[in-house]
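Under the heading domain 'CobW/HypB/UreG nucleotide-binding', TrEMBL lists 17-187. Per TrEMBL, the feature GTP binding site maps to 21, 22, 23, 24, 25, 26, 27, 28. Per TrEMBL, the feature region 'Disordered' maps to 214-236.
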Ligand SMILES: Nc1nc2c(ncn2[C@@H]2O[C@H](COP(=O)(O)OP(=O)(O)OP(=O)(O)O)[C@@H](O)[C@H]2O)c(=O)[nH]1
């Protein structure tokens, strides 16, 4: 009888974890938190995406959460979703450069430029992805759905400390998210609530373990919805 037992050799590169979500929902802060909390146990590097600047990279460098040369900026020059979804070449080059320069890395964090609710990473670029929304965007955001909210590997409902000030019911947002996510995980996060940061770090550890054991298969949340804006996409 043929042997159908599969063995999975340890991956030769780090887990590539994408963090997407609308502008200002706290993606850079979340990355800074992960670096601060995990850099004693994991070798980490970061790639950021901004449209015209390297501002997110500069902020992370200024925060002192990692040695500065482990943080690289990609200037997308167009809609941020293009560089994480349609043509990931610039990001792959930045990621591979860092992986080669600092080998062996354990975790590569890739921050999307802030975009609209529907931008997601291509599975050609990341092994897993987090989608980040915040309570300040309104209590009905989770209910509205979209590929990231519905199918990212983890949904973060961020800045829960602000909920009383913006009159948002976090429990209701969690229920709404649960309804559209078919059992996929959701974490209510605030950088001011240590237990929520613990939950985020535990999730990252568990995904890394699954990846290291060959048990993780990149899932594609699906492309963004049809949209239009004031400039042309490159065709090719
Ligand atoms: N109250 C509160 N504010 C937060 C939290 N996390 C981030 N912020 C603030 O939210 C603002 C935006 O955070 P960033 O981390 O820059 O957000 P971003 O998603 O990276 O922004 P872009 O890169 O511009 O899309 C900053 O003023 C942060 O200090 C949180 O847990 N609670």
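Each Cβ is built from the backbone N, Cα and C atoms, and glycine gets one as well.
Those TrEMBL annotations? Automatic predictions, nothing curated.
This view paints the features noted in TrEMBL onto the structure.
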residue: 21; record: GTP binding site; contacts (Cβ under 8 Å, 6+ apart): 27, 112, 114, 115, 130, 131, 132, 133, 148, 156
residue: 22; record: GTP binding site; contacts (Cβ under 8 Å, 6+ apart): 114, 115, 116, 117, 133, 137
residue: 23; record: GTP binding site; contacts (Cβ under 8 Å, 6+ apart): 114, 115
residue: 24; record: GTP binding site; contacts (Cβ under 8 Å, 6+ apart): 114, 134, 136
residue: 25; record: GTP binding site; contacts (Cβ under 8 Å, 6+ apart): 114, 132, 133, 134, 137, 158, 159
residue: 26; record: GTP binding site; contacts (Cβ under 8 Å, 6+ apart): 132, 134, 156, 158, 159, 189, 191
residue: 28; record: GTP binding site; contacts (Cβ under 8 Å, 6+ apart): 48, 56, 59, 60, 111
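For the recorded site, residue 22 (GTP binding site), the DSSP three-state label reads strand. When Cβ atoms from all protein chains are considered, those within 10 Å of residue 27 (GTP binding site) total 28, not counting its own.
Here the domain 'CobW/HypB/UreG nucleotide-binding' (17-187) has a mean pLDDT of 92 out of 100. Neighbouring residues of the recorded GTP site, listed in sequence order and excluding 21, 22, 23, 24, 25, 26, 27, 28, comprise 114, 132, 134, 158 (Cβ within 8 Å of the Cβ centroid). Under the three-state DSSP scheme, residue 28 (GTP binding site) falls in the helix class.
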